[in-house]
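To start, the structure under review is shown below, and the notes come after it.
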Amino acid sequence: MEDNPAIEPHGPKARHRATSPAPKVKPSGKAAASKPVEAQAAQEWLAMLGWIALLVITQLLMIVFAKRCTGQAPLPLLLCLAQFTISAVLSSSASHALSRSRKSKAGNAAPGTPAQLLAPWTVLADILPLSAVWTGGFVMFNAAALHMSPGMVNVIRCMEPLATVCVGAGLGQQFSWQVLATLVPICGGVAMASLTTGSFSATGICFAMVSNVAFCCRSFSLQRLRRNPHNKLDDLAVFFNVSWTATVALPFLQVPLEGAQVLPSLQALGDRRWIFAMDLLASSVFFFLYQFVQLLVMTQLSPLAFSVLTPVVKALMIVVLTLYYGDEMSPLSALGVVLSVAGGYLFTLAKSNSGRAKDVQKNT
């Protein structure tokens with residue numbers, strides 16, 4: 001048994017000490033310092049949840065309205081032309097609004113240089129390949145959604161890291177074994193999901209795989225653009241230049257490939273032409289909002305938080321689209337989706353760790 005501590009008898013001095021106020025204890029430095037850290041972590045998680053909700057909502061509405069458009073008139077190039085045209089107008093307006101907001105905050109006493117919107121000729125040479133792969137990725141995505149459910153297209157989109165490794169290897173980049181090992185759960189998970197689900201289509205899978213190659217090339221094109229010493233564009237200005245160049249270039253593809261189908265498809269709609277036009281406008285607006293929210297996320301969140309957010313959004317989109325379109329998904333295919341999304345997260349972490357290790361070796 002433990003000995004009870006000795007209790008002092010209640011004499012006069014003891015009573016005086018008992019009634020006197022207790023001495024104040026100063027909080028320790030660690031406890032005081034941990035509160036701001038915990039509050040900051042909680043705020044970052046709340047911000048991440050908000051960004052996840054915005055990304056899921058804008059992407060979901062973009063895909064739903066795009067699917068409605070291609071369901072009424074199978075014209076994916078026309079859809080992309082509308083999306084990039086509206087995005088060019090809205091991104092220009094957003095850039096001017098942000099520039100005015102920054103000016104009003106700075107005041108008349110400290111006028112800053114206005115943000116550059118239009119890319120100069122020395123930068124346009126790097127904008128054009130970025131615009132080509134950005135546009136091609138969405139054209140292929142819309143074409144894939146013509147042949148199978150958007151939820152299943154997003155499952156195939158989980159294999160984008162494989163395309164990144166293949167394209168990077170073709171450009172002479174080397175990847176660590178940790179990065180290559182993450183391709184096993186990614187490819188295995190997608191194979192499990194596709195083999196156990198009957199709503200996949202060979203044509204849709206091919207289009208989705210081509211979109212993976214196009215989307216992964218965006219990062220390589222962006223790296224080339226950022227190395228350009230004449231580049232003074234912010235992210236919103238980059239998207240504006242991508243949008244207007246896509247708007248100029250797409251008719252050269254759309255007219256020979258879809259031109260003969262436009263009038264018959266619109267005439268077949270009859271009185272539903274206005275519904276098609278409103279769906280086209282809604283898809284284009286949410287296309288811009290999704291891209292704009294993505295740009296905000298990349299500037300507001302840390303790289304680690306962004307690496308967590310991306311696979312979470314991808315997983316939520318697969319679940320939401322599968323439920324919305326009523327796709328059948330067996331437990332084995334659901335496990336495959338989880339494996340591929342988890343592999344995508346591990347791929348991001350392994351790639352960032354490998355990049356940091358290379359930077360340390362260069363500095364030493």
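Glycine too: its Cβ is placed from the backbone N, Cα and C atoms.
Taken verbatim from TrEMBL:
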{"type": "REGION", "residues": "1-32", "note": "region 'Disordered'"}
{"type": "TRANSMEM", "residues": "45-65", "note": "transmembrane segment"}
{"type": "DOMAIN", "residues": "59-347", "note": "domain 'Sugar phosphate transporter'"}
{"type": "TRANSMEM", "residues": "77-98", "note": "transmembrane segment"}
{"type": "TRANSMEM", "residues": "118-141", "note": "transmembrane segment"}
{"type": "TRANSMEM", "residues": "162-184", "note": "transmembrane segment"}
{"type": "TRANSMEM", "residues": "190-215", "note": "transmembrane segment"}
{"type": "TRANSMEM", "residues": "236-254", "note": "transmembrane segment"}
{"type": "TRANSMEM", "residues": "274-297", "note": "transmembrane segment"}
{"type": "TRANSMEM", "residues": "304-326", "note": "transmembrane segment"}
{"type": "TRANSMEM", "residues": "332-350", "note": "transmembrane segment"}
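Looking at which of 45-65, 162-184, 236-254 has the most CB pairs under 8 Å to the transmembrane segment (118-141), the answer is the stretch 236-254. Outside the transmembrane segment (45-65) by six or more residues, the chain places 145, 150, 279-280, 282-283, 286-287, 289-290, 293-294, 296-297, 300-301, 305, 308-309, 312-313, 316-317, 320-321, 324 with a CB less than 8 A from a CB of the stretch.
Against the transmembrane segment (162-184), the recorded stretches 77-98, 190-215, 236-254, 274-297, 332-350 differ in Cβ pairs under 8 Å, and the greatest number is found for 332-350. Within the same chain, residues 133-134, 136-138, 140-141, 143-149, 152-153, 155-160, 162-163, 166-167, 327-330, 332-337, 339-340 sit at least 6 positions outside the transmembrane segment (190-215) and bring their C-beta atoms closer than 8 Å to a C-beta of that stretch. In terms of C-beta pairs under 8 Å, the stretch of 77-98, 274-297, 332-350 lying closest in packing to the transmembrane segment (236-254) is 77-98. Within the chain, the transmembrane segment (274-297) has long-range Cβ neighbours (under 8 A, six or more residues past its boundaries) at 51, 54-55, 58-59, 61-62, 65-66, 68-69, 72-73, 79, 82-83, 85-87, 90-91, 94, 138, 235-236, 239, 266, 306, 309. Taking Cβ pairs closer than 8 Å, the transmembrane segment (77-98) reaches residues 66, 69-70, 115, 117, 135, 138-139, 142, 236-237, 239-240, 242-244, 246-247, 250-251, 253-254, 257-258, 262, 280-281, 283-285, 287-288, 291-292 in its own chain, all 6 or more past its ends. Taken together, the residues of the domain 'Sugar phosphate transporter' (59-347) have an average pLDDT of 87.
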